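*Asks:* Have a look at this one before I ask anything.
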Amino acid sequence: MNTPALIRLILRRDRVWQPLWLLLVALFVTTTVATIRQLLPTPEARLHYVNEIAANPVILLMQGPAYGDSLGAAAAQQRGAATMIFAALASVILLVKHTRSDEEQGRRELVGSAAVGRHAPLTAALAVVLGANVVLAVLITVVGVSAGLPLAGSLAWGLMAASGGWAGAALAAVAVQVTQSARVAGAAAFTVFFGAYLVRGVSDVGGPGMEWLGWLMPSGWILRAHAFGGEQWWVFLLVTAFVAALIGVAYALSARRDIAAGLLPPRLGPAHAPNGLRGPLGLAWRMHRGMALGWIAGAGFIGAAVGLGGQTAIETFARSGALDFWAERTGTGDPTEIFFRLVVYKLAMYSVSLYAIMTVLRLRGEEATELFLSNPVSRTRWVVSHLVLAVAVPAAVLVIAGLALGLGDGDFAGGLAITTILLPGVWAMAGIAVAAFGLFRRAGAIVGWTALVLAIAVEVGWEVGLVSDSFFMVSPFAHVHYSTLASPGPGTLLGLTLVAAGFTAVGLYGLRRRDLAL
Amino acid sequence: MPDVIEVHQLIKDFGRVRALDGLDLTVREGEVHGFLGPNGAGKSTTLRILLGLLRKDAGEVRLLGGDPWSEAVELHRRLAYVPGDVTLWPSLSGGEVIDLLGRLRGGTDAKRRDELIERFALDPRKKARTYSKGNRQKVALIAALASEVELLLLDEPTSGLDPLMEAVFREVIAEERRAGRTVLLSSHILAEVEALCDRVSIIRDGRTVETGTLAQLRHLKRISVTAELDTVPDDGLPHVHDLRLDGGRVRFQADTDHIGDVLARLARYGVRDITAQPPTLEDLFMRHYR
């Protein structure tokens with residue numbers, strides 16, 4: 001009943017975000033193909049890449065194996081999994097937004113009191129998100145073909161990304177039935193997806209004997225579509241069956257529960273506040289602690305995987321000359337070291353910056369709670385309480401990751417040196433987010449995220465040779481980079497920290513002068 | 001003794017929309033002041049400026065002798081606020097929120113806290129995400145009432161409460177008044193204001209249209225009269241308003257200054273029955289919004 005009206009409502013509410021994420025993924029595919037074409041221009045270079053680099057355990061774990069030595073196969077190996085994961089993330093966020101978030105905020109009740117069927121909101125959200133992923137598949141196919149890749153492979157890549165989105169949406173559809181909190185539902189759905197993806201990675205690292213493990217995981221099926229390498233189309237039937245089954249479960253659960261309730265009964269909390277919940281900092285820690293501990297644990301896990309599984313393998317084949325082109329492009333003499341740093345940098349820099357910005361922008365949500373700022377708490381103290389966590393948790397994440405890296409060869413100091421050097425760059429991004437939040441009343445979040453997207457885009461552009469060295473140096477990332485462009489010494493680190501402090505000061509100044517967005 | 005709240009010619013714009021347009025408000029120490037107006041009149045905006053959450057564009061605002069924008073933190077130690085739309089932290093229990101807010105203001109009276117929780121029949125162990133609007137409001141009210149502050153700023157505090165809890169709220173505010181606390185109570189529930197408030201300010205479109213004690217306002221205004229007459233006054237009545245004829249029955253509002261003349265005139269038509277009432281707050285209120 002009335003599902004079409006709800007679909008129109010969702011499209012209206014998402015008229016910016018839906019096209020934006022689809023275009024970002026398409027752009028990502030385009031730049032990947034261009035990068036690979038530039039870096040691996042000849043069949044020999046690609047064969048070399050596939051046999052040497054793509055066989056590296058870390059690459060296998062994070063990106064999956066290559067299924068051919070064509071341009072398309074190399075590009076799909078490099079970024080195919082990333083498009084799938086990004087599609088899953090976007091789909092989880094959007095599905096949760098239009099189901100559990102609406103319930104949490106009471107909008108669902110308003111809709112439910114109108115002539116709308118019990119399942120209509122879930123159906124509408126699924127229709128939009130699944131539909132968006134179909135559009136994504138078409139977009140990627142078009143982008144691939146227009147870049148000169150074969151149609152079949154491009155379509156397979158498109159379907160891989162869309163399958164990730166479908167699986168994410170289906171997992172989210174179940175998660176939002178189970179828990180009452182939109183935040184928890186989204187985190188759970190994505191963690192299950194990403195966890196399954198890493199298990200698939202273990203199966204790929206483990207070789208043929210472990211292949212069965214990958215077949216237990218939906219993300220394993222998706223990668224085994226063999227894009228550009230003799231496509232196995234039937235894996236998409238498996239994905240479709242999996243998605244259909246999950247959606248069936250979601251509807252069955254949805255039929256059993258009350259609106260705004262979850263399947264898990266709400267637990268009672270304490271009647272009195274614990275001693276730690278005293279002031280702004282105690283409250284900020286309470287708000288952030290779940291995610292902070294999750295990130296620290298994740299950093300330890302991934303760091304240990306890279307440290308134990310990857311380091312020696314990287315060194316062995318780095319010496320084989322496979323990485324000479326990277327060494328040349330990034331201006332270093334020792335390919336071993338540069339490649340290991342590159343792997344760590346790519347894993348840590350973007351994700352920890354993302355965490356820091358997310359932590360700072362949590363202020364936006366808290367701002368609406370007028371109850372808090374009507375207490376004797378200055379705006380500065382309030383911002384600083386969250387900022388402490390945006391500074392300290394990334395530090396903890398990187399220290400744990402660095403120590404875990406050292407598990408492989410016992411060189412803990414070396415591991416720490418590689419990860420902690422990134423910290424001032426992360427702080428600078430957090431500082432920019434504070435400035436955006438303080439200066440802009442409503443657009444703070446968009447400005448903060450745009451800064452991260454720009455920094456990544458400039459870096460990718462520099463790697464391909466589109467962006468000059470001096471322009472890249474504007475980005476905080478350039479100064480803690482894996483390449484020799486950066487020579488992070490005490491001076492750079494101090495400089496970046498001062499930049500972070502400067503942006504923070506600007507943000508605090510702006511916030512003290514503006515109206516709160518209530 | 002300076003007044004607790006002094007607002008003079010306050011102006012606030014949101015973009016091109018003028019929310020407050022020369023608002024005046026004076027709240028004296030120890031009084032319960034009713035702040036009346038329909039939705040969108042500017043009540044919440046005024047309270048948020050008093051709290052330093054929003055910045056005034058022009059006019060004078062003094063709160064507890066200080067400037068609410070630049071001295072917000074010091075002033076907030078001496079007041080407690082209950083927003084009209086209470087948003088809590090979904091993962092915290094009600095008891096945790098009450099304690100946290102109390103500690104931020106420098107400590108709560110534990111006995112008073114427990115007593116209020118009992119009187120308002122709140123389960124403090126429930127997570128804020130599971131509370132209804134009324135229960136969220138209770139959390140904010142208990143936190144405010146349990147803190148030992150001079151001034152309470154309450155923005156439509158009973159809008160989600162059931163009649164039983166509304167009665168408890170009235171009792172508690174009456175106690176607060178006896179204890180000498182100053183309360184600014186924004187509301188559009190006229191019976192509540194009539195029962196609780198010493199003085200009222202009525203605002204409309206961001207401007208103050210009436211202010212004073214209820215007695216003063218009534219004195220200045222009109223009396224509603226209903227009478228049954230032998231003959232119908234075809235030629236109308238002087239000094240009356242909203243005259244309605246229904247057979248031999250007349251209903252009208254008379255200016256208090258001319259009530260004697262009106263009664264004398266009425267006597268000519270032969271009065272069989274008459275009731276005269278002082279205007280209710282509702283009459284005063286409606287007069288400004290009709």
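Heads up, residue numbers simply count up from 1 along the chain you see.
Cβ from N, Cα, C; glycine included.
Below, the features straight out of TrEMBL:
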| type | residues | note |
| --- | --- | --- |
| TRANSMEM | A:20-40 | transmembrane segment |
| TRANSMEM | A:80-99 | transmembrane segment |
| TRANSMEM | A:120-149 | transmembrane segment |
| TRANSMEM | A:155-176 | transmembrane segment |
| TRANSMEM | A:183-203 | transmembrane segment |
| TRANSMEM | A:233-253 | transmembrane segment |
| TRANSMEM | A:292-318 | transmembrane segment |
| TRANSMEM | A:338-361 | transmembrane segment |
| TRANSMEM | A:382-406 | transmembrane segment |
| TRANSMEM | A:412-440 | transmembrane segment |
| TRANSMEM | A:452-473 | transmembrane segment |
| TRANSMEM | A:493-511 | transmembrane segment |
*Asks:* Between the transmembrane segment (A:183-203) and the stretches A:20-40, A:155-176, A:382-406, A:412-440, A:493-511, work out which stretch tops the count of Cβ pairs under 8 Å.
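*Replies:* Checked against A:20-40, A:155-176, A:382-406, A:412-440, A:493-511; highest Cβ contact count belongs to A:155-176.
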*Asks:* Near the transmembrane segment (A:120-149), which same-chain residues lie under 8 Å Cβ to Cβ, leaving out any that are not at least 6 residues past its ends?
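*Replies:* Distant contacts of the transmembrane segment (A:120-149): 1-3, 6-7, 9-11, 14, 18, 22-23, 25-26, 29-30, 33-34, 71-72, 75, 83, 87, 91, 94-95, 98-99, 102, 108, 111-112, 155, 157-159, 161-162, 165-166, 169, 173, 228, 247, 250-251, 254.
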*Asks:* Considering only the recorded stretches A:155-176, A:452-473, A:493-511, state which has the highest number of Cβ pairs under 8 Å to the transmembrane segment (A:412-440).
*Replies:* A:493-511
*Asks:* Give residue numbers and ranges for long-range contacts of the transmembrane segment (A:155-176): same chain, 6 or more residues beyond its ends, CB-CB under 8 A.
*Replies:* 25, 29, 72, 76, 80, 83-92, 94-96, 99-100, 103, 122, 125-126, 129-130, 132-134, 136-141, 144, 182, 185-186, 188-190, 192-193, 218-219, 222-223, 225-228, 231, 233, 236, 239-240, 242-243, 246-247, 249-250, 253
*Asks:* Cβ under 8 Å, sequence separation of at least 6 from the ends of the transmembrane segment (A:382-406): give me the contacting residues as numbers and ranges.
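*Replies:* For the transmembrane segment (A:382-406), the nonlocal Cβ contacts are 279-281, 283-285, 288, 292, 295-296, 299-304, 306-307, 311, 344, 348, 352, 355-356, 359-360, 362-363, 366, 372-373, 412-420, 422-423, 426-427, 430, 433-434, 437-438, 504, 507-508, 511.
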*Asks:* For the transmembrane segment (A:493-511), could you work out the same-chain residues 6 or more beyond its ends whose Cβ comes under 8 Å from its Cβ atoms?
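*Replies:* Those are 379-380, 383, 387, 421, 423-425, 427-428, 430-432, 434-440, 476, 479-480, in sequence order.
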*Asks:* Mind pulling out the one from A:20-40, A:80-99, A:233-253, A:338-361 with the most Cβ pairs under 8 angstroms to the transmembrane segment (A:452-473)?
*Replies:* A:20-40
